[in-house]
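Let me begin by presenting the structure, written as C-alpha cells, before commenting on it.
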C-alpha cells in the first residue's frame with residue numbers, strides 16, 4: 001500500500017514537471033519608457049520655475065541649477081567651448097510678448113516689460129528667437145569712439161536665426177556669425193546674429209557671407225524688423241551704425257569680448273554699480 005502511494009506521488013510530481021516544461025513561463029512585458037528628445041544645443045543642467053500668474057505684472061521666471069536658484073545673467077557662463085556661446089531665450093520666435101531679464105531684481109528673473117503700468121507687446125510677432133548673452137553688459141558709461149553712442153545698460157542681445165523655435169527660459173549653445181550696431185534713442189544696442197549649434201545649417205554658417213548664402217536676405221529682414229518695430233507706436237525708426245552693415249565674425253567676437261570685460265568690471269566692483277543693478 002505504502003509503495004503504491006509513493007509511486008502515485010512520484011507520478012504526479014513528474015506530471016507537474018512535464019507541464020512546466022511544456023508551458024512556457026509568462027513574463028510581464030517591460031514597461032515602456034517614453035523618451036523625450038531634447039535639442040543637443042539646449043543645456044539641460046538648468047531649469048525654470050515660474051512664479052505669479054502668467055500675463056500679469058507679477059509674473060517672474062526664475063532659473064535653477066538642480067535645487068539651487070541661480071541668476072541667468074551671473075551664473076550661466078558666457079563661453080560654451082568649441083567656439084560656441086551660451087544664450088538665454090527671452091522671446092521665442094513668432095511671439096510678441098516683450099520679455100526680458102530683470103537686471104535690477106535679485107536673481108535676475110525673466111519678466112514682461114512694462115510701460116505706464118501695462119504689459120508691453122511688440123506690434124507684431126518677432127520672426128526669430130531672441131535673447132541675451134549671460135555675463136555681458138553694455139556699459140552706459142562707455143561711449144563707443146566710432147559710433148558716438150554709449151551702451152544701453154543691458155546684456156548683449158542675440159537674434160538666433162535657426163529653423164526651430166526655442167522656448168522661453170531655455171539655455172542654448174549658439175554660434176555667433178555677425179553683429180548689427182543698432183542705435184536706439186541714442187544708445188548703442190548690439191544685436192548679435194547667431195545660429196543654434198544643432199541647426200541643420202549651423203556647420204555651413206561660420207561668418208556673415210555664409211549667412212547671406214544659406215539664409216539669403218535674412219540679415220536684411222532682421223535689420224528692417226528692428227529698425228521699424230517702434231513706428232506703429234508713433235516713434236521714429238531706429239538707426240544702425242556702420243552704414244547698416246552687419247559686421248563680420250571677427251568684429252562680433254571683439255564686441256562680445258569687450259562687453260564681457262565690462263561685465264566683469266561691474267561684477268567685481270572695479271566699476272561702480274551706479275545703475276543699481278542686481279549683482280546676485
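Quick reminder: no glycine exception, Cβ is built from N, Cα and C everywhere.
Features reported for this protein in Swiss-Prot:
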type	residues	note
BINDING	120	diphosphate binding site
BINDING	152, 157, 189	Mg(2+) 1 binding site
BINDING	157	Mg(2+) 2 binding site
* To do: Write out the long-range same-chain contacts of residue 120 (diphosphate binding site), meaning residues 6 or more apart in sequence whose Cβ is under 8 Å from its Cβ.
  => 97, 98, 112, 113, 114
* Long-range same-chain neighbours of residue 189 (Mg(2+) 1 binding site), Cβ under 8 Å, sequence gap at least 6? -> 138, 152, 154, 157, 182, 183
* To do: Using the recorded Mg(2+) 1 site (152, 157, 189) as reference, state which further residues of the same chain have their Cβ within 8 Å of the centre of those residues' Cβ atoms, listed in sequence order.
  => 138, 151, 154, 156, 182, 184, 187, 188, 190, 191
* Does DSSP put residue 157 (Mg(2+) 1 binding site) in a helix, in a strand, or in coil? -> strand
* Asked: Helix, strand or coil: which one is the residue listed as 'diphosphate binding site' in, per DSSP?
  -> coil
